[in-house]
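Visitor: Quick paste from TrEMBL:
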{"type": "REGION", "residues": "1-37", "note": "region 'Disordered'"}
{"type": "REGION", "residues": "56-82", "note": "region 'Disordered'"}
{"type": "DOMAIN", "residues": "156-469", "note": "domain 'PDEase'"}
{"type": "BINDING", "residues": "H227, N228, F229, R230, H231, D272, D378, Q429", "note": "AMP binding site"}
{"type": "ACT_SITE", "residues": "H227", "note": "active site, proton donor"}
{"type": "BINDING", "residues": "H231, H271, D272, D378", "note": "Zn(2+) 1 binding site"}
{"type": "BINDING", "residues": "D272", "note": "Zn(2+) 2 binding site"}
Amino acid sequence: RKGTPSSRAAAGLATHGRPGHTARVAPAGPPEREPFPMTRTQRIEKSAPHLFFWRKNRGTRAVDGPKFTQDAPAESNDSLSKPDAIEQQKAAVNELGPDWTKEVVKQSAQLARLAIEESPSEPSVHVPLRVLPAALLAPSRLARAPPPSTSPTSLPAPAPPAVSASLLQALQRWDFDVHAVVAAELPALCFALLTANGRAAALHLDECRLWRYITDIAAHYHDRPFHNFRHAVDVTHATSCLLTLAEAHSAADAALSPLQTFAQLLAAMVHDTDHPGVMNPFLIATRHPLALLYNDTSVLESHHAATAMALLSHPENDFLAQMEPADARTLRSLVIDLVLATDVTSTMPFVKSLSARLNSGESASAADLQHLIIKASDISNPTRPLETYQVWIKGVMSEFFAQGDAERALGLPISMNCDSHTVDVAKCQVGFISFLVEPLFICLAKVLPGVDAMCLETLRSNKAHFKGD
């Protein structure tokens, strides 16, 4: 047998196998090329390699076009070019037709993982890792949860730690400070909020799987200065308080059913799942794969909803298994709608439209109330006591400034309130309250009169503080 090229060369054979000829020796390396100015893509790759998906990562290698396998040999130092990676990603996703199989999904997910996973050596600004692979691997069509008759014992799970009576009492107050709770206790706190007043039992939810789902969601929040699981619990707490107010004050047209109430709390908990710590315009400006996937529209909100639903599709997390299928579909649809409503760019158009309808004598619907509650809860920090509010300010400005620093390094326009060299934090908060938070809570107070005393008085006091009045 002829053997390998190296063995033929060692035996004195030329590469075409003729005896008596010495194999040519390859040059030591490629000839040096004339230097060219870096393109914008190259500058971005050099300045922030963790933001882009042509970087190598954690043993997942590309072989045979869009096919990926964990057992492929190591790559050379040359990474996929951006255009090739985009085309391969499109090719893999296009394979997800009506007859897709588990293996195709696995390969596509591995490709998406390579496309999104950030470099651990670049900690300043991160992009999401898990969601797109999780969404592609969602097993809802591949496996179903065990039937209700076996569900209590088939997937045993530890019960959530008990929440003290004093903490449960404190949760009923709007001025509750979630920073007073240690991180390890936050999932149990969230479980208590979701299951209070027998909500889970009334809807026939599997509480073991619900607890497992909560802990899985918590694990998919990252250790960001602001967009972390503590923020999710804070928004869930605000939602719970506003729902209690709604039960006492809302008109009959806006009364929420038990299913809507639970969906409201669930959406609050998952609304920022796997948040990267940067805003939508940054992902769009850098042509991040998530922006391409969601067509530059509500990129993060779509990502959060997709992640939450993908995790819910896992049989061990499927706490809806005992519900009627129609009710489960309705709950899922409500949660997706409410998470998408947290896109802050939709807030003022919604407030102006609803205010005009209310001023004309029209009553708010249940859907109006649900959107008001999720939007208000998400940006409720300025309505909390000043000491609590200031902790949140420190976190969110840290994320803003990290994004601004990355934009400066990439040569991009620096987003509003993100320039650490010029932003006045106090003026930033006055603008945030005046142009967004206050109009939203005034609109909410028209539907829920108790909001004025519970939220607006503190909001105006905090605004006066930052104005220096």
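Cβ atoms are placed via backbone N, Cα and C, with glycine included.
TrEMBL entries are annotated by machine, without manual review.
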Visitor: Between N228 (AMP binding site) and H271 (Zn(2+) 1 binding site), how many Å separate their Cα atoms?
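Guide: A Cα-Cα distance of 11 Å.
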Visitor: By a 10 A CB contact count over all chains shown, which of the binding-site residues listed here is most packed: N228, Q429?
Guide: Q429
Visitor: Fill in the CA-CA distance, H271 (Zn(2+) 1 binding site) to D378 (AMP binding site), as an integer in Å.
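Guide: Given the Cα positions, H271 (Zn(2+) 1 binding site) is 9 Å from D378 (AMP binding site).
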Visitor: Suppose you look only at the domain 'PDEase' (156-469); what would the mean pLDDT be?
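Guide: Computed over the domain 'PDEase' (156-469), the mean pLDDT is 95 on the 0 to 100 scale.
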Visitor: Do you know which of the binding-site residues H227, R230, H271 has the most other C-beta atoms within 10 angstroms of its C-beta?
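Guide: That would be H271, with the most Cβ atoms nearby.
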Visitor: Return the count of C-beta atoms lying within 10 angstroms of the C-beta of D378 (AMP binding site), excluding that atom itself.
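Guide: Its Cβ has 23 other Cβ atoms within 10 Å.
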Visitor: Where the record says H227, N228, F229, R230, H231, D272, D378, Q429 bind AMP, what is the longest distance in Å from one Cα to another among those residues?
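Guide: Of all Cα pairs among the recorded AMP binders, the widest measures 23 Å.
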